[in-house]
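A.B. asks: TrEMBL lists these features:
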type	residues	note
DOMAIN	4-268	domain 'Thiolase N-terminal'
ACT_SITE	Cys89	active site, acyl-thioester intermediate
DOMAIN	280-401	domain 'Thiolase C-terminal'
ACT_SITE	His358	active site, proton acceptor
ACT_SITE	Cys388	active site, proton acceptor
Amino acid sequence: MSAYIVQATRSAAGRHKGALRGTHPVTLGGLILNGLIDKVPSLDPSDVDDVIFGCVSQVGENAFNLARQCVLSSKMPESVPGTTVDRQCGSSQQALHFAAQAVMSGTQDIVIAGGVESMTRVPMGSNMPKTLGMPNDDSIKARYNTPAPAFSQFIGAEMMGVKYDIGREEMDSFAARSHMRAAAATEAGRFLDEITAVPGLDKEGGEIIFASDEGIRAGTTAEKLGGLDTLVSMGMLGPVEGGPSSGAITAGNASQMSDGAAALLVVNDAGLAKLGSSVTPMARIHTLALAANDPVLMLSAPIPATENVLKRSGLSIDDIGLYEVNEAFAVVPMAWSKMVGGDEEKLNVNGGACALGHPLGGTGAKLMTTLVHELVRREEQYGLLSICEGGGTANATIIERC
């Protein structure tokens, strides 16, 4: 049984303490659910079997089953359930996988997958207060020979540069290109169909309609990024073995902390029949895969995840028309492309998280929304999404345009 993406939408990404600073994450998730429903007029919201949302920092405003709270905040009836997933940065990509598996199995016909994160209102790490202990127990510390209470993505990013021989200048050039591509896509209106406008605040606190990604710096160059201090030089971490003494990772060649939400309508053939003959899906979910490897290096699992999804699909990387690989750090998609033989002209073609932001648990759905819309716009056949995740795991998804 097939799983189809009928429609997909996202909010514009708000900068940390930016336009969405006044918006409760449940409110934002509810607005995106409403935006998705509005895109499919023939959908009876009471026919939705489940809403599966990803979220990383499930504490405070993100607590108490965020997905269900978003349903209750939306115009959907209270009869629609909801559940919340944490696979770290791939949480809403995993939500999409669970939705696809549900409709493929026939146990459900219509499921909404998505995610939301407000890194402004619920800061990263707030779900790990030291007063309650840290997630690495003594066995994990002994197994990986580390005294650290939790694995560090920043150390992992520095290690990635060493392992895959990617230096600071290359990372800065990639990040600058991300801004350039995002600015060009915005100027050309390529995000208009995918973004649901939501209320926001301007710098002075006045009410606005927020509908354009806030973190893009159109004039950014590799030279400007090269002037930023590294995390090592700022004393946030020490240099890694084999790496430059001053480090390579900066705020400029890493993803931006963001606020945002996204959602996709996923159905099988029975669900499609409920929507009526006038509805044509955007894409079919072709193949799903996962991978896991070294949690200290942490960020390289999109490489084996991609190898797994290609093997399961019977496709080669050359068959894929577009790929989105999350720019948690610029070095991640750079290493991925180097190892899987990717064509960087197909990679993050409208920019990535260095420019467009990374709202943690919302990013998987956000990137899939961008991928499916661009796949349709370019009339490419296959698209691939992969995201590195805390703990050294990764999801990979191949979609096929309908």
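Just so you know, glycine gets a Cβ as well, placed from its N, Cα and C.
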A.B. asks: Determine, to the nearest whole angstrom, how far the Cα atom of His358 (active site, proton acceptor) is from the Cα atom of the residue listed as 'active site, acyl-thioester intermediate'.
C.D. replies: 8
A.B. asks: Please determine which of the active-site residues listed here (Cys89, Cys388) has the lowest count of neighbouring CB atoms within 10 Å.
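C.D. replies: Each of the active-site residues Cys89, Cys388 was scored by Cβ atoms within 10 Å; lowest is Cys89.
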A.B. asks: C-alpha of the residue listed as 'active site, acyl-thioester intermediate' to C-alpha of Cys388 (active site, proton acceptor): distance in Å?
C.D. replies: 7
A.B. asks: What is the average pLDDT across the domain 'Thiolase C-terminal' (280-401)?
C.D. replies: 98
A.B. asks: Just counting, how many other CB atoms are there within 10 A of the CB of His358 (active site, proton acceptor)?
C.D. replies: 27
